[in-house]
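Swiss-Prot annotations:
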SIGNAL    1-22  signal peptide
DOMAIN    34-257  domain 'Fibrinogen C-terminal'
CARBOHYD  Asn89  N-linked glycosylation site
CARBOHYD  Asn139  N-linked glycosylation site
Amino acid sequence: MKALPALPLMLMLLSMPPPCAPQASGIRGDALEKSCLQQPLDCDDIYAQGYQEDGVYLIYPYGPSVPVPVFCDMTTEGGKWTVFQKRFNGSVSFFRGWSDYKLGFGRADGEYWLGLQNLHLLTLKQKYELRVDLEDFENNTAYAKYIDFSISPNAISAEEDGYTLYVAGFEDGGAGDSLSYHSGQKFSTFDRDQDLFVQNCAALSSGAFWFRSCHFANLNGFYLGGSHLSYANGINWAQWKGFYYSLKRTEMKIRRA
(Lines of atoms letter the chains of each structure in order from A and count residues from 1; the text may use other names and numbers.)
(Lines give C-alpha, C1' and ligand atoms only; values in the text may rest on other atoms or scores of the structure.)
Protein backbone atom coordinates (compact mmCIF):
# COMPACT_ATOMS: atom_id res chain seq x y z
CA MET A 1 0.00 0.00 0.00
CA LYS A 2 1.32 3.42 -0.90
CA ALA A 3 2.25 5.48 2.15
CA LEU A 4 0.11 8.53 2.86
CA PRO A 5 1.95 11.85 2.57
CA ALA A 6 2.97 13.43 5.85
CA LEU A 7 1.32 16.79 6.43
CA PRO A 8 1.39 19.14 9.39
CA LEU A 9 -1.82 18.54 11.32
CA MET A 10 -2.93 22.15 11.00
CA LEU A 11 -2.46 22.02 7.21
CA MET A 12 -4.40 18.78 7.10
CA LEU A 13 -7.26 20.47 8.93
CA LEU A 14 -7.37 23.28 6.39
CA SER A 15 -7.83 20.73 3.60
CA MET A 16 -10.57 18.79 5.41
CA PRO A 17 -14.33 19.30 4.95
CA PRO A 18 -16.21 21.08 7.74
CA PRO A 19 -15.62 19.10 10.94
CA CYS A 20 -19.15 17.71 11.17
CA ALA A 21 -19.29 16.60 7.54
CA PRO A 22 -19.53 12.77 7.32
CA GLN A 23 -16.93 12.66 4.55
CA ALA A 24 -14.20 14.13 6.78
CA SER A 25 -11.24 11.93 5.89
CA GLY A 26 -10.09 9.44 8.47
CA ILE A 27 -12.73 10.25 11.11
CA ARG A 28 -15.02 7.50 12.35
CA GLY A 29 -18.37 8.23 10.73
CA ASP A 30 -20.52 6.99 13.62
CA ALA A 31 -18.64 9.12 16.13
CA LEU A 32 -18.25 12.26 14.05
CA GLU A 33 -21.64 13.88 14.57
CA LYS A 34 -21.74 13.35 18.31
CA SER A 35 -18.13 14.36 18.85
CA CYS A 36 -18.81 17.60 17.01
CA LEU A 37 -21.92 18.28 19.08
CA GLN A 38 -20.24 17.51 22.38
CA GLN A 39 -16.86 19.03 21.43
CA PRO A 40 -14.78 16.60 23.50
CA LEU A 41 -11.51 17.75 25.00
CA ASP A 42 -9.87 14.34 24.71
CA CYS A 43 -10.47 10.61 24.28
CA ASP A 44 -11.81 10.38 27.84
CA ASP A 45 -14.75 12.56 26.80
CA ILE A 46 -15.31 10.51 23.64
CA TYR A 47 -15.30 7.27 25.62
CA ALA A 48 -17.81 8.75 28.08
CA GLN A 49 -20.11 9.54 25.14
CA GLY A 50 -20.29 5.84 24.35
CA TYR A 51 -17.72 5.54 21.55
CA GLN A 52 -15.37 2.83 22.72
CA GLU A 53 -13.65 1.52 19.59
CA ASP A 54 -10.07 2.35 18.62
CA GLY A 55 -9.88 4.91 15.83
CA VAL A 56 -9.52 8.52 14.76
CA TYR A 57 -11.82 11.07 16.36
CA LEU A 58 -11.98 14.86 16.70
CA ILE A 59 -11.00 16.64 19.90
CA TYR A 60 -11.04 20.35 20.75
CA PRO A 61 -8.08 21.39 22.91
CA TYR A 62 -8.15 24.92 21.41
CA GLY A 63 -11.89 25.33 21.90
CA PRO A 64 -15.06 24.83 19.82
CA SER A 65 -13.81 26.33 16.55
CA VAL A 66 -10.65 24.23 16.03
CA PRO A 67 -11.12 20.45 15.74
CA VAL A 68 -7.99 18.32 15.92
CA PRO A 69 -7.87 14.71 14.63
CA VAL A 70 -6.43 12.26 17.13
CA PHE A 71 -6.10 8.50 17.49
CA CYS A 72 -7.93 7.14 20.53
CA ASP A 73 -6.80 3.87 22.08
CA MET A 74 -10.03 2.62 23.63
CA THR A 75 -8.86 -0.89 24.56
CA THR A 76 -5.47 -0.86 26.32
CA GLU A 77 -5.84 -1.06 30.10
CA GLY A 78 -9.40 0.22 30.04
CA GLY A 79 -8.96 2.59 27.11
CA LYS A 80 -9.56 6.37 27.02
CA TRP A 81 -5.98 7.04 25.84
CA THR A 82 -5.30 10.13 23.72
CA VAL A 83 -2.34 9.11 21.54
CA PHE A 84 0.08 11.98 20.85
CA GLN A 85 2.96 10.05 19.26
CA LYS A 86 2.69 6.95 17.10
CA ARG A 87 5.34 5.17 15.04
CA PHE A 88 5.20 1.74 13.46
CA ASN A 89 6.72 1.63 9.95
CA GLY A 90 9.00 4.61 9.29
CA SER A 91 6.69 6.12 6.67
CA VAL A 92 6.85 9.60 8.26
CA SER A 93 10.08 11.48 8.96
CA PHE A 94 10.33 12.66 12.56
CA PHE A 95 13.59 14.57 12.00
CA ARG A 96 11.82 17.93 11.80
CA GLY A 97 12.09 21.48 13.03
CA TRP A 98 10.42 23.45 15.79
CA SER A 99 7.34 24.59 13.89
CA ASP A 100 6.32 21.04 12.96
CA TYR A 101 6.75 19.80 16.52
CA LYS A 102 4.82 22.75 17.89
CA LEU A 103 1.82 22.33 15.56
CA GLY A 104 1.94 18.59 14.85
CA PHE A 105 2.50 16.53 11.71
CA GLY A 106 1.54 13.28 10.02
CA ARG A 107 -1.94 11.75 10.04
CA ALA A 108 -3.79 10.39 13.04
CA ASP A 109 -4.63 7.23 11.09
CA GLY A 110 -0.89 6.61 10.53
CA GLU A 111 2.36 7.78 12.05
CA TYR A 112 2.01 11.20 13.65
CA TRP A 113 2.87 13.74 16.33
CA LEU A 114 -0.07 15.61 17.87
CA GLY A 115 1.81 18.83 18.59
CA LEU A 116 3.37 20.44 21.65
CA GLN A 117 0.80 23.21 21.81
CA ASN A 118 -2.04 20.69 21.81
CA LEU A 119 -0.31 18.73 24.56
CA HIS A 120 0.16 21.87 26.64
CA LEU A 121 -3.49 22.88 26.27
CA LEU A 122 -4.70 19.42 27.25
CA THR A 123 -2.52 19.21 30.35
CA LEU A 124 -3.45 22.77 31.28
CA LYS A 125 -7.11 21.76 31.54
CA GLN A 126 -6.88 18.30 33.13
CA LYS A 127 -4.51 16.10 35.12
CA TYR A 128 -3.06 13.26 33.04
CA GLU A 129 -1.09 10.06 33.35
CA LEU A 130 1.26 8.93 30.58
CA ARG A 131 1.74 5.48 29.09
CA VAL A 132 4.58 4.65 26.68
CA ASP A 133 4.05 1.44 24.70
CA LEU A 134 7.05 -0.16 22.98
CA GLU A 135 7.57 -3.10 20.62
CA ASP A 136 10.76 -4.52 19.13
CA PHE A 137 11.28 -6.38 15.85
CA GLU A 138 11.04 -9.73 17.63
CA ASN A 139 7.46 -8.79 18.63
CA ASN A 140 8.34 -8.37 22.30
CA THR A 141 6.37 -5.63 24.02
CA ALA A 142 6.86 -3.54 27.14
CA TYR A 143 5.55 -0.30 28.58
CA ALA A 144 6.30 2.41 31.09
CA LYS A 145 3.72 4.49 32.95
CA TYR A 146 3.95 7.80 34.79
CA ILE A 147 1.05 8.80 37.00
CA ASP A 148 1.70 12.51 36.51
CA PHE A 149 2.38 14.13 33.11
CA SER A 150 2.24 17.79 32.09
CA ILE A 151 3.77 20.28 29.66
CA SER A 152 4.70 23.75 31.01
CA PRO A 153 1.71 23.81 33.39
CA ASN A 154 2.63 27.08 35.12
CA ALA A 155 4.05 29.04 32.21
CA ILE A 156 2.57 32.29 30.92
CA SER A 157 3.83 31.28 27.47
CA ALA A 158 4.40 27.55 27.02
CA GLU A 159 6.48 28.12 23.90
CA GLU A 160 8.79 30.59 25.64
CA ASP A 161 9.04 28.06 28.46
CA GLY A 162 10.16 25.49 25.88
CA TYR A 163 7.18 23.18 26.40
CA THR A 164 8.92 21.80 29.46
CA LEU A 165 8.17 18.17 30.34
CA TYR A 166 7.13 17.08 33.82
CA VAL A 167 6.68 13.39 34.68
CA ALA A 168 6.51 11.61 38.03
CA GLY A 169 5.29 8.38 39.56
CA PHE A 170 6.97 5.78 37.36
CA GLU A 171 5.31 2.36 37.11
CA ASP A 172 7.22 -0.39 35.32
CA GLY A 173 5.64 -2.51 32.62
CA GLY A 174 8.90 -4.18 31.69
CA ALA A 175 10.44 -1.26 29.81
CA GLY A 176 12.31 0.36 32.67
CA ASP A 177 12.41 4.09 33.33
CA SER A 178 14.06 6.04 30.52
CA LEU A 179 11.94 9.19 30.82
CA SER A 180 12.38 10.51 34.36
CA TYR A 181 15.87 11.68 33.32
CA HIS A 182 14.15 14.09 30.91
CA SER A 183 11.69 15.58 33.40
CA GLY A 184 12.17 19.32 33.83
CA GLN A 185 13.72 19.72 30.38
CA LYS A 186 12.66 21.93 27.50
CA PHE A 187 11.88 20.42 24.11
CA SER A 188 14.67 20.65 21.53
CA THR A 189 14.78 20.35 17.76
CA PHE A 190 17.73 20.73 15.40
CA ASP A 191 16.73 24.36 14.80
CA ARG A 192 15.95 25.20 18.45
CA ASP A 193 18.61 23.81 20.78
CA GLN A 194 17.38 24.03 24.39
CA ASP A 195 19.25 21.11 25.97
CA LEU A 196 22.07 21.22 28.53
CA PHE A 197 24.76 19.69 26.34
CA VAL A 198 27.56 21.68 24.69
CA GLN A 199 26.45 20.33 21.31
CA ASN A 200 22.99 20.09 19.72
CA CYS A 201 21.41 16.88 21.04
CA ALA A 202 18.61 16.90 18.46
CA ALA A 203 21.11 17.00 15.62
CA LEU A 204 23.36 14.39 17.24
CA SER A 205 20.43 12.07 17.97
CA SER A 206 18.62 12.61 14.64
CA GLY A 207 15.39 13.46 16.39
CA ALA A 208 13.58 15.91 18.65
CA PHE A 209 12.77 15.43 22.31
CA TRP A 210 13.09 16.80 25.84
CA PHE A 211 16.84 16.27 25.67
CA ARG A 212 19.07 16.79 28.67
CA SER A 213 22.71 15.83 28.00
CA CYS A 214 21.55 14.03 25.79
CA HIS A 215 19.03 11.19 26.37
CA PHE A 216 17.88 7.86 27.69
CA ALA A 217 14.78 8.07 25.47
CA ASN A 218 14.84 9.11 21.83
CA LEU A 219 11.44 8.04 20.55
CA ASN A 220 11.49 10.56 17.70
CA GLY A 221 14.84 9.36 16.35
CA PHE A 222 15.54 7.69 13.01
CA TYR A 223 13.55 4.55 12.17
CA LEU A 224 16.53 2.21 11.82
CA GLY A 225 14.87 -1.21 11.93
CA GLY A 226 16.35 -2.89 14.98
CA SER A 227 20.06 -3.17 15.82
CA HIS A 228 22.23 -0.37 14.43
CA LEU A 229 25.90 0.59 14.54
CA SER A 230 25.40 4.33 14.98
CA TYR A 231 25.17 5.58 18.56
CA ALA A 232 21.86 6.66 20.12
CA ASN A 233 20.17 8.06 16.99
CA GLY A 234 17.45 5.45 16.48
CA ILE A 235 14.12 5.04 18.25
CA ASN A 236 15.86 4.24 21.51
CA TRP A 237 14.57 3.44 24.98
CA ALA A 238 17.84 2.80 26.77
CA GLN A 239 16.56 1.00 29.85
CA TRP A 240 14.92 -1.67 27.69
CA LYS A 241 17.02 -2.08 24.52
CA GLY A 242 19.98 0.26 24.96
CA PHE A 243 21.39 2.86 22.58
CA TYR A 244 22.04 0.56 19.62
CA TYR A 245 18.53 -0.79 19.02
CA SER A 246 15.81 1.12 17.16
CA LEU A 247 12.30 0.02 18.08
CA LYS A 248 9.61 -1.16 15.69
CA ARG A 249 6.60 0.50 17.29
CA THR A 250 6.04 3.23 19.84
CA GLU A 251 2.99 5.00 21.21
CA MET A 252 2.98 7.82 23.73
CA LYS A 253 -0.49 8.45 25.11
CA ILE A 254 -2.22 10.21 27.96
CA ARG A 255 -5.36 9.61 29.99
CA ARG A 256 -6.97 11.60 32.77
CA ALA A 257 -5.52 10.69 36.13
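Every residue gets a Cβ built from N, Cα and C, even glycine.
A gap of 14 Å separates the Cα atoms of Asn89 (N-linked glycosylation site) and Asn139 (N-linked glycosylation site). The Cβ of Asn139 has fewer other Cβ atoms within 10 Å than any other of the glycosylation sites Asn89, Asn139.
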